[in-house]
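Below: the structure, in structure tokens.
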Amino acid sequence: MGADAAIGQIKDAKKRYAAGVLKYAQMGYWDGDYQPKDTDILALFRVTPQDGVDPVEAAAAVAGESSTATWTVVWTDRLTAADMYRAKAYKVEPVPGQPGQYFCWVAYELDLFEEGSIANLTASIIGNVFSFKPLKACRLEDMRLPVAYVKTFRGPPTGIVVERERLDKFGRPLLGATTKPKLGLSGKNYGRVVYEGLKGGLDFVKDDENINSQPFMHWRDRFLYCMEAVNKAQAETGEVKGHYLNITAGTMEEMYRRADFAKELGSVVVMVDLIVGWTAIQSISNWCRENDMLLHMHRAGHGTYTRQKGHGISFRVIAKWLRLAGVDHLHTGTAVGKLEGDPMTVQGYYNVCREDVTRTDYTRGIFFDQDWAGLRKVMPVASGGIHAGQMHQLIDLFGEDVVLQFGGGTIGHPDGIQAGAIANRVALETMILARNEGRDIKNEGPEILVEAAKWCQPLRAALDTWGEVTFNYASTDTSDFVPTASVA
């Protein structure tokens, strides 16, 4: 859509650099003939221009304000390789079914970015343009990160393959639960919840995002009681177990102190929240790599900027940044649970985490091929409002390289925490066996679970309690190309 002639890129240097105000397209931030290089960082924005603002000019403004431009001509541009360093909007298309919205593609020269720094990347790409007055709204939908850039990052400290080898668990999803209530328990009672869940068959139990070090339970007490529970459950079951010890704190120094104590106690995993920021995430990732620890990422706060379709950042972009930054586990949605998540869109997030090369797939919201250049894979985590009665849907949607995390669906079991864990483990093992036997678990799943429940009282009680519970609401973030329905 549009071309240089539509607005008129000024080629004459005297006119281009004369003092005053020019349109962004006139300054060279629009080039409809540009062919992206393999080394370019590419970004796809969804923009909603103000009334009367040409979409090509809006795209050029995004390119300019996220690279080298300001509101007026500055002569110091001539002291730089300005033609190279300018980001270039090179394509604009209307968003299907969304009047007034446009997709715009922008290419960035690799030299604009510091190697190995998500903080620097985000400072450019999202640092300024989202407040720009000529746009009613702006959303970063997807990015293509060139191999040359990807190779400057270390990625996940452990990765899926090595994690499974350390745990000695193969051929099935991993099982987890979040301790409930998330706040208010004493350290001793908290540890009891962890033990009961692990003893019943879970692989992991986790701290929730906001349990740090509060008056009712100091972080050190939590760590001690949780690791006592982990060690006891491991000894009794013969399986490797873990608890995601949340080391999120007010300073990096305190986070390192908590991480060191977790290691001293023998933990295999620590956890941080997304809200600690990109520099902290990369720093803790480096610590985990050096100390042979898994890093679990809770995406606390992401919905403030990922959920709305018109403005913010798609979670697929956040997932790409986190794979570069280096996390081993990432909450990526359930599609069937209580939290926002269109099934096809969520599958796209999983693809970003687990594939060697993520291929363009408009139905799942993926606009670019992404070669991960051998970067380790992230284990997705499905968490939030899921229960044993949905086991067939979860495995059908997400396969086996995933952590299925049943918090309330374990701890809320009418016969107790251990019974809740048993119900989930039996449902999981039953569904994997049925899948391996060639059964159609998507359609036969409820029948398979009911049959298994005849021999497992905890599973029967779980199905009786939650079997009909669904969260069947329309998703707000869906593909613009293929309408999809909830699976619940």
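Heads up, the Cβ atoms here are built off N, Cα and C, so glycines get one too.
The active site, proton acceptor annotation in Swiss-Prot covers LYS180, HIS298 and rests on sequence analysis. What Swiss-Prot records for ASN128, THR178, LYS182, ARG299, HIS331, SER383 is substrate binding site, and it gives sequence analysis as the kind of evidence. What Swiss-Prot records for LYS206, ASP208, GLU209 is Mg(2+) binding site. Marked as N6-carboxylysine by Swiss-Prot on the basis of sequence analysis: LYS206. Summarising the annotation, Swiss-Prot assigns site 'Transition state stabilizer' to LYS338.
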Judged by other C-beta atoms within 10 Å of its C-beta, the most isolated of the recorded positions LYS180, LYS182, ARG299, HIS331 is LYS182
Measure between the Cα atoms of every pair in ASN128, THR178, LYS182, ARG299, HIS331, SER383, the residues the record assigns to substrate, and report the largest value in Å, rounded to a whole number.
-> 37
How many Å separate the Cα atoms of GLU209 (Mg(2+) binding site) and SER383 (substrate binding site)?
-> 12
Write down the Cα-Cα distance for HIS331 (substrate binding site) and HIS298 (active site, proton acceptor), rounded and given in Å.
-> 6
If you draw a 10 Å sphere on the Cβ of THR178 (substrate binding site), how many other Cβ atoms land inside?
-> 25
Other C-beta atoms that fall within 10 angstroms of the C-beta of LYS206 (Mg(2+) binding site) | 29
Out of LYS180, LYS206, ASP208, give those recorded positions positioned within 10 angstroms of HIS331 (substrate binding site), comparing C-alpha atoms, in sequence order.
-> none
Smallest Cα-Cα separation from ASP208 (Mg(2+) binding site) among the recorded positions ASN128, THR178, LYS180, SER383 is shown by THR178
In this structure, the one of the binding-site residues ASN128, SER383 whose CB has the fewest other CB atoms within 10 Å is ASN128
Using the Cβ centroid of LYS206, ASP208, GLU209 as the reference point for the Mg(2+) site, which residues of the same chain not in that list have Cβ within 8 Å?
-> THR178, THR179, LYS182, ASP207, ASN210, ILE211, TYR244, ASN246, MET271, HIS298, ALA300
Inter-residue Cα distance where the pair is SER383 (substrate binding site) and LYS180 (active site, proton acceptor), in Å | 13
